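Structure, as structure tokens:
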Amino acid sequence: SGQGGHAYLREWLWWAGLLCMGVGEAANFAAYAFAPATLVTPLGALSVLVSAVLSSTFLNEQLNVHGKIGCILSILGSTVMVIHAPQEQEVSSLESMAEKLKDPGFIAFAVCVLVSSLLLIFVAGPRYGQSNVLVYVLVCSAIGSLSVSCVKGLGIALKELFSGKPVLKEPLGWVLLVCLVICISIQINYLNKALDIFNTSVVTPVYYVLFTTAVMTCSTILFKEWQHMVLDNVVGSISGFLTIVSGIFLLHAFRDMPFTPSLLPLFL
């Protein structure tokens, strides 16, 4: 994958993993339809936490003291973010979603994302893709922010469809679906490249932080989620996010370091 190949498409285990991810993303899809993206995306850290615990239980991977502290911090940060979650502007129809997509701020953001992604793919990728983890991860993160916007729009379309409205005749829903498929395809391709070249313990935390930051920025511009928040909720949301980032960093950056409670007096 790191050299441009797609041999992993012939592996049944890869397809099984992709299917499991698809089920999880379907649940994520439903969450985006009913809650602000600024809340849903950071809570994705809990999947990293669950993966670490399951790896320790079933794959005999070592979860050291740093990892356990990271798990606790991720749970605390997620709780704080839920308590101080922002309220997005109500978008109840595809017409109102179309109006938001026409906002000059979002158009400028989308253009910047597309231009920077093209530069990373065709200019930075051939030169630095094999040596710098940020190149391919930035592509996934930037494109991922647009895919979340498409998911939000499709969630609104599905809610309208179930309420009996003729959504299938609306071109915006089909445009969002096509854009979502393209965005997800790009994300899968370049995330596989990054994972093939670099260690998972490096890619996972970097991707989480960059992807979450990009989604929160996109959601803030598109849905004005932070516009009417009081100061304590703003501080709480940012603090919760930084706590999750710290937990993810501890969970992955020191996962191979042999550190046990018996060594704590020595370190002190």
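Cβ from N, Cα, C; glycine included.
A quick note: this is a predicted structure, and the numbers were derived from the prediction, not measured.
Taken verbatim from TrEMBL:
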| type | residues | note |
| --- | --- | --- |
| TRANSMEM | 12-32 | transmembrane segment |
| TRANSMEM | 39-59 | transmembrane segment |
| TRANSMEM | 106-127 | transmembrane segment |
| TRANSMEM | 133-151 | transmembrane segment |
| TRANSMEM | 172-190 | transmembrane segment |
| TRANSMEM | 202-222 | transmembrane segment |
| TRANSMEM | 234-254 | transmembrane segment |
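Listed as Cβ neighbours of the transmembrane segment (202-222) (distance under 8 Å, sequence separation of 6 or more from its ends, same chain) are residues 36-38, 41-42, 44-45, 48, 88, 100-101, 103, 105-106, 109, 113, 133-134, 137-138, 140-142, 144-146, 148-149, 152, 191, 194-195, 241, 245, 248-249, 251-253.
Nonlocal intrachain contacts for the transmembrane segment (172-190), taken as residues 6+ away from its ends with a CB within less than 8 angstroms of a stretch CB, comprise 18, 94, 97-98, 117, 121, 136-137, 139-140, 143-144, 146-147, 150-151, 153-154, 157. Among the stretches 12-32, 39-59, 106-127, the one making the largest number of Cβ pairs under 8 Å with the transmembrane segment (234-254) is 39-59.
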